Amino acid sequence: MKGVGTDIGRIHFVGIGGIGMSGIAEVMHNLGYQVQGSDISEGYTVDALRQMGIKVLIGHHAENVKDAAVVVVSSAIHRGNPEVEAALENRIPVVRRAEMLAELMRLKSTVAVAGTHGKTTTTSMVAALLDAGGIDPTVINGGIINSYGSNARLGDSDWMVVEADESDGSFLRLDGTLAIVTNIDPEHLDHYGSFEKVQDAFVEFVSNVPFYGAAFLCIDHPVVQSILPRIRDRRLITYGFSAQADIRAVDITPISGGNRFTAVIRGRDGDIRRIENIFLPMPGRHNIQNALSAIGVALEFSIPDAAIRDGFARFGGVKRRFSRVGEIKIGDGSVLVIDDYGHHPVEIKAVLSAARESAQQRVIAVVQPHRFSRLHDLMTEFQSAFNDADMVFVAPVYAAGEQPIAGVDSQALVSGLKQHGHRSAQAVDSPRSLAIALADIIKADDIIICLGAGDITKWAAGLAADITSIREVHHL
């Protein structure tokens with residue numbers, strides 16, 4: 001990698017523990033840059049960065065940037081932050097995360113993965129197939145790739161795979177040689193102002209692909225399909241279950257631990273190619289769609305069919321994407337506890353559908369709504385997102401820094417679920433109350449799936465042990 005000299009001075013990341021910031025910091029550190037950062041609290045990511053030799057300070061204070069040559073901020077950091085204000089006062093350049101990522105991307109050919117949902121898993125799948133094909137990409141992802149134990153890795157090849165976050169529009173800085181759009185849903189309207197402007201941004205993202213590149217779009221998603229006529233001068237490759245897709249999945253068979261399917265690829269010359277007997281060790285039709293886009297990228301590199309099969313077979317998944325975090329023994333059987341990041345109604349539906357595919361008995365959903373504003377804006381969608389769950393437990397809303405909104409809380413969601421016909425929904429106020437409620441009702445081969453982007457992951461981590469303890473005390 002050549003480009004910005006490593007002698008530019010110390011680069012300070014404000015909020016370095018964030019999943020997007022930490023990946024860039026890790027790659028730049030491994031390239032030889034002087035990297036440090038600050039965050040408001042300790043955590044897994046902070047510990048990992050320190051183990052790499054990166055200095056991380058806890059708390060945001062003006063003195064943290066006194067030796068910095070550049071300050072990098074995420075979209076979560078705003079004016080008024082003492083480190084940002086100190087940098088501006090001392091004329092230290094302040095750059096957004098996407099701008100720094102764009103600098104790294106400018107030095108390599110890039111696969112940029114965008115979409116409202118599925119970006120992290122898709123980015124991981126693309127990286128897995130390139131690895132299997134003998135290409136060693138640099139990867140910057142929005143989640144921990146289990147096979148790496150990190151969300152980032154510095155590779156030796158001239159290619160980079162990045163997750164392109166659309167939340168604040170900054171993904172338009174990320175010009176991919178190859179681009180993927182998984183879906184387009186009405187999210188981040190506080191930034192864009194309208195859903196039409198969200199769609200405009202994705203059209204621009206695809207239009208930024210160079211003439212020698214390509215964009216892969218999921219034709220199954222109606223909004224993605226609707227933007228196809230607006231992009232006339234770029235090479236577009238569609239994928240999905242649709243008979244019109246250029247890359248299509250057929251012969252789909254849900255099996256233990258995932259899905260088996262055949263990919264059918266229609267070339268521009270009309271020739272048909274089949275990659276049969278692909279095993280994807282992840283449940284859910286949405287993950288097959290994600291896999292099809294990764295196959296499309298792999299074919300651009302002429303990666304052989306056998307390597308594609310091998311890459312998927314060895315795919316270890318992503319942390320907090322249908323991750324098994326606990327098991328409760330009941331007689332000769334057990335109950336699995338699954339942790340998943342899904343927090344938008346579309347994601348929740350997809351995850352519960354995947355759980356339903358793999359469940360032998362009941363699917364028990366535990367959801368922690370993320371942000372009062374999201375629950376308020378999408379209340380109707382949330383109320384109909386849990387049809388594949390036999391039972392729903394709703395934890396208190398994870399505020400993520402927001403102020404409460406009157407009438408928008410866990411009880412409101414429970415009431416709405418019941419009004420929309422759900423037979424079993426109730427609120428719980430703590431991990432302990434959840435464990436007590438579940439201890440008496442679970443049966444062998446049930447699946448408990450914890451959903452949300454907040455600290456519900458901590459609830460999930462301790463749930464199996466808590467339930468087991470309660471059942472032992474009460475001889476259940």
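Glycine is no exception: its Cβ is also placed from the backbone N, Cα and C atoms.
Feature list (source: Swiss-Prot):
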{"type": "BINDING", "residues": "G115, T116, H117, G118, K119, T120, T121", "note": "ATP binding site"}
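Of the binding-site residues T116, T120, T121, T121 has the largest number of other Cβ atoms within 10 Å of its own Cβ. Neighbour list (H117 (ATP binding site), Cβ cut-off 8 Å, at least 6 residues apart, same chain): T182, N183, D185, H286, H344, V346, E347, A350. Cβ neighbours of G115 (ATP binding site) (same chain, under 8 Å, six or more residues apart in sequence): T122, E166, I180, V181, T182, N183, I184, C218. Those residues of the chain, other than G115, T116, H117, G118, K119, T120, T121, with a C-beta within 8 angstroms of the mean position of the ATP site C-beta atoms are V113, T122, T182, N183, N290.
Counted within 10 Å of its Cβ, the other Cβ atoms near G118 (ATP binding site) come to 24, all protein chains included.
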